[in-house]
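Asker: Positions annotated as disulfide bond by Swiss-Prot: CYS31-CYS177, CYS332-CYS364, CYS515-CYS547, CYS553-CYS564, CYS558-CYS573, CYS575-CYS585, CYS931-CYS958, CYS962-CYS975, CYS969-CYS984, CYS986-CYS996, CYS1167-CYS1202. According to Swiss-Prot, the domain 'F5/8 type C' annotation covers 31-177, on the basis of sequence analysis. Annotation source Swiss-Prot lists domain 'Laminin G-like 1' at 212-364. The domain 'EGF-like 1' feature in Swiss-Prot is assigned to 549-586. The annotation domain 'EGF-like 2' is assigned in Swiss-Prot to 958-997. Annotation source Swiss-Prot lists domain 'Laminin G-like 4' at 1046-1202. Residues annotated as N-linked glycosylation site in Swiss-Prot: ASN260, ASN285, ASN359, ASN538, ASN574, ASN602, ASN625, ASN637, ASN706, ASN748, ASN1023, ASN1073. Annotation comment: Swiss-Prot describes 1-25 as signal peptide.
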Amino acid sequence: MGSVTGAVLKTLLLLSTQNWNRVEAGNSYDCDDPLVSALPQASFSSSSELSSSHGPGFARLNRRDGAGGWSPLVSNKYQWLQIDLGERMEVTAVATQGGYGSSNWVTSYLLMFSDSGWNWKQYRQEDSIWGFSGNANADSVVYYRLQPSIKARFLRFIPLEWNPKGRIGMRIEVFGCAYRSEVVDLDGKSSLLYRFDQKSLSPIKDIISLKFKTMQSDGILLHREGPNGDHITLQLRRARLFLLINSGEAKLPSTSTLVNLTLGSLLDDQHWHSVLIQRLGKQVNFTVDEHRHHFHARGEFNLMNLDYEISFGGIPAPGKSVSFPHRNFHGCLENLYYNGVDIIDLAKQQKPQIIAMGNVSFSCSQPQSMPVTFLSSRSYLALPDFSGEEEVSATFQFRTWNKAGLLLFSELQLISGGILLFLSDGKLKSNLYQPGKLPSDITAGVELNDGQWHSVSLSAKKNHLSVAVDGQMASAAPLLGPEQIYSGGTYYFGGCPDKSFGSKCKSPLGGFQGCMRLISISGKVVDLISVQQGSLGNFSDLQIDSCGISDRCLPNYCEHGGECSQSWSTFHCNCTNTGYRGATCHNSIYEQSCEAYKHRGNTSGFYYIDSDGSGPLEPFLLYCNMTETAWTIIQHNGSDLTRVRNTNPENPYAGFFEYVASMEQLQATINRAEHCEQEFTYYCKKSRLVNKQDGTPLSWWVGRTNETQTYWGGSSPDLQKCTCGLEGNCIDSQYYCNCDADRNEWTNDTGLLAYKEHLPVTKIVITDTGRLHSEAAYKLGPLLCQGDRSFWNSASFDTEASYLHFPTFHGELSADVSFFFKTTASSGVFLENLGIADFIRIELRSPTVVTFSFDVGNGPFEISVQSPTHFNDNQWHHVRVERNMKEASLQVDQLTPKTQPAPADGHVLLQLNSQLFVGGTATRQRGFLGCIRSLQLNGMTLDLEERAQVTPEVQPGCRGHCSSYGKLCRNGGKCRERPIGFFCDCTFSAYTGPFCSNEISAYFGSGSSVIYNFQENYLLSKNSSSHAASFHGDMKLSREMIKFSFRTTRTPSLLLFVSSFYKEYLSVIIAKNGSLQIRYKLNKYQEPDVVNFDFKNMADGQLHHIMINREEGVVFIEIDDNRRRQVHLSSGTEFSAVKSLVLGRILEHSDVDQDTALAGAQGFTGCLSAVQLSHVAPLKAALHPSHPDPVTVTGHVTESSCMAQPGTDATSRERTHSFADHSGTIDDREPLANAIKSDSAVIGGLIAVVIFILLCITAIAVRIYQQKRLYKRSEAKRSENVDSAEAVLKSELNIQNAVNENQKEYFF
């Protein structure tokens, strides 16, 4: 019910916001009157005019008066045409023409607006586009609707480009309507206090709207408080708006009672900014200009105890709850409404509800501060000083985002040298230099590139130099030498002119980009209007009477928590520690599933998973168990066995499960998986799951759908049964669950919950443990998921005219597309989506070129990646494209990515409206022939297979994965196709695992052996295709490949022995002196050929690798990858009737040479690994039998790892992956080696033996102990009390169930 109420409130908020926006913007159908045509001639002005007949008064649209339009005297970017609308109006559209019947027209222009005729502001589209496209001829009309509209009195058109064969020429019209404005001017000491009737106040709803403008960066706009510390405050701080809400005791702040929201930036620009605050219950909208923040307040927000008064512009009395520093607002407020009440109108009428404190006026004063914008690093302002005083002094204010740049340079008169004032790393530095003398430096301020206004004062007099920043005097420095300093030189602000002008100006760190104002030289304020008109000083690339700074980090286009920083012309994203990369932190560095990690060749371990790729969900850590199928294992906090007593329907027990991921992350992971399951075990003693009399559930569980579920493990939602009920083997056939038999003894119902739409389990409720001797216990396993529906989702396109279509792709500001393809065609379009003018297209342009082309309004761009090899090789290739605010990029496979920077201040919105075509185009031409797989757009997978099933000439699925992924199968493993994906067949490999990369090793104790009998194998497999059948006695073996590794310290030792029925043999031994010997006897009438490697002691306890490759009489031998030898046999070229292969001790050793016999009698003690003779792997056959292999094992042979160092347990280096406990350090990309070492296993084993010997317990007790030991190892962090309780319960369960066949043994 709460969620429904929240949704309703949110909808009402949205509707009220839309209504407010309509009021703010005006009704577009009623606000489109022409505003220029009826204006008097005096309303038009310009920078200059070519002649009296080209004056600004002739610039009316469609008029032919005079010369047919306005043209300036000189065509350059400093010209402008200005319109005075007489009063503030709402302007909703503009239209332009060129000069009538001429070659004079403007092709692009800026539109600026102002209330006072100075301090102009540029109008921007899409929050970044400053320029309007103009005309292509003299007479056609180009019309633009302004969204949002402009509220201003003055408009100024500034031509940027014009017809290169003519000059600037303009005729214009603007459209709009009258604008209602009620204003109040507050001087920084005054405020308004509104007291309202309690009856008129809604307890759950508040709407406050206003506009403000100011030159101050700090001030209180509104404040309302209560007696207990509750308050709502809207405060301007550092030119940003903060909404502060405290809904609890101010002395005890907490995250549930404090709200601190920030919106807006650079709000002290003396231009109007709109604010809207809407509260409906706990739903709050906070809007500043076009930026909106919606949030759901926590705590008792809708029950705030506030007084029945609200102040605007300040806090009139000492606040009972305000502990933060604050000052009153200095500026103007407009159209101030509180819950529909016009506050300014009430104040004008001097109504008793309004108390005006201080000097309050109802007209807005216009401070005549004229800023100047330095647009580029080439900008400068050169001003003369004619005062001739014995002092060099200047003051000014500046604001910028750049860390470095020249602020001021002045030459010294009568003596050579100069004074430099510049920014370096955000600090202000002053430098006075004279030739032949060391410079005198002063450093002041920090982080002065924060976009705020900063004041600077410079003074150099006699032998003293001082600098002040924001009123703080920096350390003064004595000047070098007794020379007197005189003013009268030229002051260069912001940069230096070209050297061709003969200037001595120096700019060590480049020019300044930013704004300056209030410039004074020798105590006299500089008249910038005179500068603009050319009568004072000189300048280049300036915008006078306007500050064009903008905050490129608002809104923050850095995604996924990336930190935004900026300079004058661009922004940068720091993606450190976000888990994402790219220009805007859009691309996840993690895979989306364990399946994807597996097909990169990764082994079992911990990995970060990003289920929705570049989508909003954060990555999270889980465990991937890489078996033949990749299993995703997600843990929760309820893995302990939990006992429950003393519950009933009136007093139920509820257990909650919290997972390592959020519910949204879990849902994305589950939806992506092919299959998910959770094992649930319910132990019971007189505790039922269902009341048989009325069918009422006595226990139930809840999943992610928040619905009650009464089916149990092994069953499905439509059958309220347990596993035994489905299998028909419950302990009481009258019931469908063991626990429903209600017996006074422990039993259980265990099974898998596998209906993934209901998973994971989030809650368990138990109500039937309140009777005598009644008790229950439960244990929930981790969430296990396998497969990836998206990774293999694919479609095959049969003709060039075939395609799949999907809804329009929405990636206005940030878009990424990724997919796999394979083809034999030389070209074809993978994907295309069109708009009215915008589009994106990805295609195979030629066999070696993939191209990404797009247009977002700045003209078409293309990015191509060329490969040295062909893409149409029928192998899978991966394509990823991205387009964002900063750049577009294309990467194919592992080739170097290609990028295309976005144009500065260009169009940014990708606006598409057609269907998305996959595998073809709307024209049904240049379609793609081949397969496309795993197509994702902004992290969301398109279901190609589902759409292909209903589309002609397109087939669901693709085959031929082994051509691309076969290389993942190692050590002789063979890639086999599956309907979805592939697998590695390790049948004829000495290795195992999903990629045949896990070596099979064994520790051989003294006197032990493994014997593989080929003749018996032939009898078993002569009708099969087994490669072992090739060793039949009737066959002659002219070649073999032998590989293995070993570690030992014993001599002599027999490593490997192969014999035949004709007394031929091959032996690999370590002689008494530690040398390795390989003996071939391929003719029973000759002595064996002996190859001796005596370069080192091979029984040194280190791991050694042996490879023997025989081709008839030539044998190639390699030892440890660095010792190689080739020998020619004299005893024969064929191995006839192979009998057996022996590892370790030879039980029958007649007819062999003495050294082999001695080594064979001794056998082998140590570790052997990955033993393979051609396609026979004897250790694998012995330790991992898949069918009745003819293998005999004698003595102590145990699976181990040869990677262990001497003196340690042979298994201590093995990776152990337990579902219940995965601990250790975490690497972002590679698996985590488990910290559970086998030392504990060895100790546990010894303890088990001691207990067995001392107590002589039964086999059942041994199993109980093993369960307890394994459980203890997997749950090492559990408290002793929990361990004890579980051990007792397990003992009860196992002793009782030793005679109960229905008891399921469950442990990891």
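Positions of Cβ are set from backbone N, Cα and C atoms, glycine also.
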Asker: Among the disulfide-bonded residues CYS969, CYS975, whose Cβ has the fewest other Cβ atoms within 10 Å?
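Answerer: Each of the disulfide-bonded residues CYS969, CYS975 was scored by Cβ atoms within 10 Å; lowest is CYS975.
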Asker: Work through the recorded positions one by one (ASN260, CYS931, CYS969) and name whichever has its CA nearest to the CA of CYS573 (disulfide bond).
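Answerer: Out of the listed candidates, the nearest Cα belongs to ASN260.
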Asker: Taking just the CA atoms, what is the gap between CYS984 (disulfide bond) and CYS975 (disulfide bond) in Å?
Answerer: 5
Asker: Could you tell me the C-alpha distance between CYS332 (disulfide bond) and ASN359 (N-linked glycosylation site) in angstrom, no decimals?
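Answerer: ASN359 (N-linked glycosylation site) has its Cα 12 Å from the Cα of CYS332 (disulfide bond).
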Asker: Can you check what DSSP calls ASN637 (N-linked glycosylation site), collapsed to helix, strand or coil?
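Answerer: Reduced to three states, the DSSP call for ASN637 (N-linked glycosylation site) is coil.
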Asker: With Cβ-Cβ distances below 8 Å as the criterion, list the same-chain residues six or more beyond the ends of the domain 'EGF-like 2' (958-997) that contact it, or say none.
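Answerer: Sequence-remote neighbours of the domain 'EGF-like 2' (958-997) are 598-599, 601, 603, 626-628, 630, 787, 791-792, 794-796, 822, 874-876, 931, 933, 1027, 1043-1044, 1170-1172, 1175, 1177, 1179-1180, 1184, 1186.
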Asker: Within 10 Å of the Cβ of CYS332 (disulfide bond), how many other Cβ atoms are there?
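Answerer: The answer is 22 other Cβ atoms.
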Asker: Using the alpha carbons only, what distance in Å do you get between CYS996 (disulfide bond) and CYS969 (disulfide bond) once rounded?
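Answerer: Computed Cα spacing between CYS996 (disulfide bond) and CYS969 (disulfide bond) is 6 Å.
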Asker: Do any residues at least six apart in sequence from CYS962 (disulfide bond), in the same chain, have a Cβ closer than 8 Å to its Cβ, and if so which, in order?
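Answerer: Within the chain, CYS962 (disulfide bond) has Cβ neighbours under 8 Å at CYS975, ARG976, GLU977, PHE982.
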Asker: Could you pull out which residues elsewhere in the chain have a CB under 8 Å from any CB of the domain 'EGF-like 1' (549-586), counting only those six or more residues past its ends?
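Answerer: Sequence-remote neighbours of the domain 'EGF-like 1' (549-586) are 124, 127, 264-266, 291, 373, 399-403, 451, 513-515, 608, 610, 614, 616, 618-619, 813-814, 816, 882, 884-887, 889, 904.
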Asker: Could you measure between CYS177 (disulfide bond) and CYS515 (disulfide bond) for me? Cα positions, answer in whole angstrom.
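Answerer: About 33 Å separate the Cα atoms of these two residues.
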Asker: Just to verify a number: CA distance, CYS958 (disulfide bond) to CYS969 (disulfide bond), in angstrom, no decimals.
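Answerer: Between the Cα atoms of CYS958 (disulfide bond) and CYS969 (disulfide bond), the distance comes to 20 Å.
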Asker: When DSSP states are folded down to helix, strand and coil, where does ASN706 (N-linked glycosylation site) land?
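Answerer: SS state of ASN706 (N-linked glycosylation site) = coil.
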Asker: DSSP helix, strand and coil counts for the domain 'EGF-like 1' (549-586)?
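Answerer: Its residues divide into 0 helix, 10 strand, 28 coil.
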Asker: Highest Cβ count within 10 Å among the disulfide-bonded residues CYS573, CYS931: which residue is it?
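Answerer: Counting every other Cβ within 10 Å of each candidate, the maximum falls on CYS573.
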Asker: Run through CYS558, ASN574, CYS1167 for me and report the recorded positions whose CA is within 10 Å of the CA of CYS564 (disulfide bond), in sequence order.
Answerer: CYS558, ASN574
Asker: For the domain 'EGF-like 2' (958-997), DSSP counts of helix, strand and coil?
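Answerer: Helix, strand, coil within the domain 'EGF-like 2' (958-997): 7 helix, 10 strand, 23 coil.
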Asker: With DSSP as the yardstick, break the domain 'F5/8 type C' (31-177) down into helix, strand and coil residue counts.
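Answerer: For that range the per-state counts are 9 helix, 70 strand, 68 coil.
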